[in-house]
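See structure below.
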Ligand code: GDP
Ligand code: GDP
């Protein structure tokens, strides 16, 4: 199941404002003039219990004038191929521009659901003005104000109707996605695993294809590999290589049970790697980090621990993640990576019996109860692991609203100390008993 909502449109219409609202990361910089470098362009959103990834294409636009229109057009084409739903954002204040017309022409030819989102409809006058956008020939329009949030609910109610059903695919093989920045060694790893050069597929423009799945069954390991490396689309605009690779990565990641995140030992962990890590974490995926090209590093006795420490600092607070130092070219620790992935997969499915959980956790809680709030004491009665596709624990107590984040982290750490959940995000809930 992978649901990607791509926001396309020309600069300054309000794409990143909507993105921030949907993902509730108000951290990204929104500025009055276009050309601002932004840091995060994709994130997880939720509407009526449905999770999806939102991608703000604006973050990938080249800012030199001669290429940006071409870049935007190409992004629309990529979004048509890769996204589940496309939000075409226009601006009621400026009306329809030539570039809007160009984009609309591309979108009219697509098979994917397209929503015309008319932004900056902050008042009733502008609501009347919005009707001009029917002339884009893309059907219904969705007037809203990204700034205030009005109208976004109506839009999302319609958007989620186009999502793929959440299939609880049981009895299926574990799915591992190998992800990482270009050149980190993904193709080399896959080739090493399957023992041959797999075909490098270059999809023909305009054709859609799903990520490639490779069935692996050797040396006691059986799983599906989701390959993002094999697909290399030729893009006319250099900046869109990143956009395309991010799209493929998000798709593979959402499909996977365990994400094998490859990092280049020479370059170290970079912001893109951290973004992918957090996306995997938010999607409750199992995670293994491979530090590849380890052969290129001069080593002494401390090198691995220094590397590990640097990575843990950057990915904190979720640091209970296996790190394997590999050299794909020298075939070092490739099977150890598989062992790590399969252990993480096991951990993701692990269910701790309620009696055992309480035997361990209740004495700990008794020794370190949640701090009292306004003279009121939180009494935790029992804890149970909820039946879900990734570990979730519910602590039943009298006053769940008084339990704050630090205490949740404390119980999570205690669970991790006592039961092996390495590589897997854990969710903790406090509920009324
Ligand atoms: P992007 O380039 O498409 O990502 O556009 P931004 O999100 O950076 O927004 C461009 C400008 O439009 C910023 O100054 C925003 O504050 C403003 N803006 C965004 N949404 C709204 C809205 O709903 N109403 C109004 N009045 N301004 C908005
Ligand atoms: P991808 O873009 O992530 O699929 O990366 P590739 O598998 O195409 O590898 C990019 C380059 O890095 C190629 O020249 C590989 O031979 C090289 N490479 C891959 N793994 C290693 C490694 O462990 N050590 C060294 N020294 N080079 C590697």
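Heads up, residue numbers simply count up from 1 along the chain you see.
Each residue, glycine too, has its Cβ placed from N, Cα and C.
Remember, it's a predicted structure, so these values are computed and weren't measured experimentally.
The domain 'EngA-type G' feature in TrEMBL is assigned to 3-167 (among others). The average per-residue pLDDT of the prediction over the domain 'EngA-type G' (3-167) is 84, rounded to a whole number.
In this view, residue 12 (GTP 1 binding site) is surrounded by 16 other Cβ atoms within 10 Å of its Cβ, with every protein chain counted. Under the DSSP three-state reduction, residue 12 (GTP 1 binding site) is assigned to coil, being neither helix nor strand. Per TrEMBL, GTP 1 binding site is recorded for 9-16, 56-60, 119-122.
Here TrEMBL flags 174-349 (among others) as domain 'EngA-type G'.
Annotation comment: TrEMBL describes 180-187, 227-231, 292-295 as GTP 2 binding site.
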Reduced DSSP assignment, residue 186 (GTP 2 binding site): helix
Neighbour count (Cβ, 10 Å) for residue 57 (GTP 1 binding site): 29
Cα distance (Å, whole number) from residue 12 (GTP 1 binding site) to residue 186 (GTP 2 binding site): 36
Contacting binding-site residues for ligand 2, chosen from 183, 186, 228 when the Cβ sits under 6 angstroms of any of its atoms: 183, 186
Residue 183 (GTP 2 binding site) versus binding-site residues 9, 12, 15, 57, 121 - nearest by Cα: 57
Distance-selected binding-site residues near ligand 1 (C-beta under 6 Å), from 12, 15, 57, 183, 186, 294: 12, 15
